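K.L.:
What follows is a structure written as structure tokens; I'll ask about it next.
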Amino acid sequence: MKYKDLRDFIHGLEQRGELRRVTQPVSPVLEMTELCDRVLRAGGPALLFDAPAGHRFPVLGNLFGTPRRVALGMGVDADDEAALASLRDIGRLLSALKEPDPPKRLKDAGKLLSLAKAVWDMSPKTVSAPPCQEIVWEGDDVDLHKLPIQTCWPGDAGPLLTWGLTVTRGPNKTRQNLGIYRQQLIGRNKLIMRWLAHRGGALDFREFALKHPGQPYPVAVVLGADPATMLGAVTPVPDSLSEYQFAGLLRGARTELAKCVTPGVDALQVPARAEIVLEGFIHPQQGAPAPAPEGAPPRPAAGAAAGYEHALEGPYGDHTGYYNEQEWFPVFTVERITMRRDAIYHSTYTGKPPDEPAVLGVALNEVFVPLLQKQFAEITDFYLPPEGCSYRMAIVQMKKSYAGHAKRVMFGVWSFLRQFMYTKFIVVVDEDVNVRDWKEVIWAITTRVDPARDTVLVENTPIDYLDFASPVAGLGSKMGLDATNKWPGETQREWGRPIEMDAAVKARVDRLWTEIGLS
């Protein structure tokens, strides 16, 4: 099943019993978070709050709260286990697009051409009179307080826009970048754009500030896009492919786009059937900025981007289960808000796993596996435990071929995809260990690891600035554990042989099992 927009997806989920409408008044301040958190932990449905207290726009939460709904958003209709397997097919597609194998036969060349044609056929198309511009707020009508923006946790600095799909373009690029960055509401038409320095939006902004210093930087934020476009924004799409093209491949139909209506922002294109679109600029700082509050980190002072308006963001409850530190980020000034009639506001919360980002991480883990295997054929499985905050720990299963092989794989994972740059812990195991079973992983660690020999520590590496365990913000250490069987050269002792029952005995007991009535 393919979905043309968010409403189509909501209808499909409702038909499958995967969405529940909440007709009772529920406040966006804390109450929605508590309700969504309880439902997600129980593996329950997406929630559509029809009557959010104090607001007229319905709120959609827990949209991707199970792996099955993530797979449905990518066009795969299956239960959780089958859905995860199907997501590996999407990873194989991305792997083929990222690094196509050279054709060995004429038949292979034909497949490669077919794939290239499929990508070309999914180039987005621009439409006029799009649904996302049925209603336009401008001037004094622009008031973000009219939207039911959630305040998720008691210690949060204020309301937080969480599922905003941010559209940017660098000065030297033809393709647009789509990224999901949280945004703190600080005024009628002002949001703090929290994008980390290595993310696409921040890179585009810095390049623009260098090339066009003192010029406003155009930005659009999409709320309530179709599921394929949203998931395309969080998937490791190859640089040669736009997220809109990838969404078209998932959907099986070209992504329809609309030009923004605000002068200066109209070079950006947004999904034509989106629910709500915010259009505006990051403006240069006018006059001397106010001094930083006492105890706050210093304002950014280096680089062209430092000359733009910034504000102190946070603290907010984050996917780690803790409140993050405050930090300075650019201010996004909203000039216009466009929307569909009867628009739906899409939101989420982040907190101690499991939360929606953790579920997305479990699903996207399956997309990563073929990408890693393309580069490292010895990797046989890969798992990012959701308890590890989506990316901070990885368990790698491999087919070991020589002494020191596990350490090569550790450094390969850390360096291959940007998504693993902040992975703090990597545990490498053999093929006989199920990476998704903590009992087996701990057994391998406690029986195959000598702490001095098999622990790899790497200092002064990039670390998520939200990681308060690191000694300084953004810089910390990483740890690898080689929990594989050791080869000659790695140990001087005779290595233990795992206990395994005789195959003939197991077969006989299988028959007895039923006869005894134990099954």
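Positions of Cβ are set from backbone N, Cα and C atoms, glycine also.
Grabbed the feature section from Swiss-Prot, which reads as follows:
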type	residues	note
ACT_SITE	Asp318	active site, proton donor
BINDING	Asn177, Glu243	Mn(2+) binding site
BINDING	Ile180, Tyr181, Arg182, Arg194, Trp195, Leu196, Arg199, Gly200	prenylated FMN binding site
K.L.:
May I ask for the distance between Trp195 (prenylated FMN binding site) and Asn177 (Mn(2+) binding site), taken between their Cα atoms and rounded to an integer number of Å?
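P.N.:
Cα of Trp195 (prenylated FMN binding site) to Cα of Asn177 (Mn(2+) binding site) measures 13 Å after rounding.
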K.L.:
Quick check: which same-chain residues outside Ile180, Tyr181, Arg182, Arg194, Trp195, Leu196, Arg199, Gly200 lie with their CB within 8 A of the centre of the prenylated FMN site CB atoms?
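P.N.:
Once Ile180, Tyr181, Arg182, Arg194, Trp195, Leu196, Arg199, Gly200 are set aside, the remaining close residues are Thr166, Gly179, Met193, Gly201, Ala202.
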K.L.:
Among all the protein chains here, how many other CB atoms are within 10 A of the CB of Leu196 (prenylated FMN binding site)?
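P.N.:
By my count, 16.
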K.L.:
Including all protein chains shown, what's the count of other C-beta atoms within 10 A of the C-beta of Asn177 (Mn(2+) binding site)?
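P.N.:
Summing over all protein chains shown, Asn177 (Mn(2+) binding site) has 19 other Cβ atoms within 10 Å.
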K.L.:
Of all the recorded positions given, namely Asn177, Glu243, Asp318, which is spatially nearest to Arg199 (prenylated FMN binding site) at the Cα level?
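P.N.:
Considering only the listed recorded positions, the nearest one is Asn177.
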K.L.:
Among the binding-site residues Arg182, Arg194, Arg199, which residue has the fewest other Cβ atoms within 10 Å of its own Cβ?
P.N.:
Arg199
K.L.:
Taking only same-chain residues 6+ apart in sequence, whose CB is under 8 Å from that of Gly200 (prenylated FMN binding site), what do you get?
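P.N.:
Non-local contacts for Gly200 (prenylated FMN binding site): Thr168, Asn177, Leu178, Gly179.
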K.L.:
Given the prenylated FMN binding site residues Ile180, Tyr181, Arg182, Arg194, Trp195, Leu196, Arg199, Gly200 in the record, what is the largest Cα to Cα distance, rounded to whole Å?
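P.N.:
Per the listed residues, the maximum Cα distance equals 14 Å.
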K.L.:
Between the Cα atoms of Leu196 (prenylated FMN binding site) and the residue listed as 'active site, proton donor', what distance do you get, rounded to the nearest Å?
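P.N.:
Leu196 (prenylated FMN binding site) and the residue listed as 'active site, proton donor' have their Cα atoms 14 Å apart.
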K.L.:
What is the number of other Cβ atoms found within 10 Å of the Cβ of Ile180 (prenylated FMN binding site)?
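P.N.:
Here the count is 19.
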K.L.:
Could you state the CA-to-CA distance between Glu243 (Mn(2+) binding site) and Asp318 (active site, proton donor) to the nearest Å?
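P.N.:
Between the alpha carbons of Glu243 (Mn(2+) binding site) and Asp318 (active site, proton donor) there are 26 Å.
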K.L.:
Ile180 (prenylated FMN binding site) to Asp318 (active site, proton donor): how many Å between their Cα atoms?
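P.N.:
Just about 14 Å between their Cα atoms.
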K.L.:
By a 10 A CB contact count over all chains shown, which of the recorded positions listed here is most packed: Glu243, Asp318?
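P.N.:
The residue with the most neighbouring Cβ atoms within 10 Å is Glu243.
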K.L.:
Taking only the Cα atoms, work out how far Asp318 (active site, proton donor) lies from Arg194 (prenylated FMN binding site), in Å, as a whole number.
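P.N.:
Per the Cα atoms, Asp318 (active site, proton donor) and Arg194 (prenylated FMN binding site) stand 13 Å apart.
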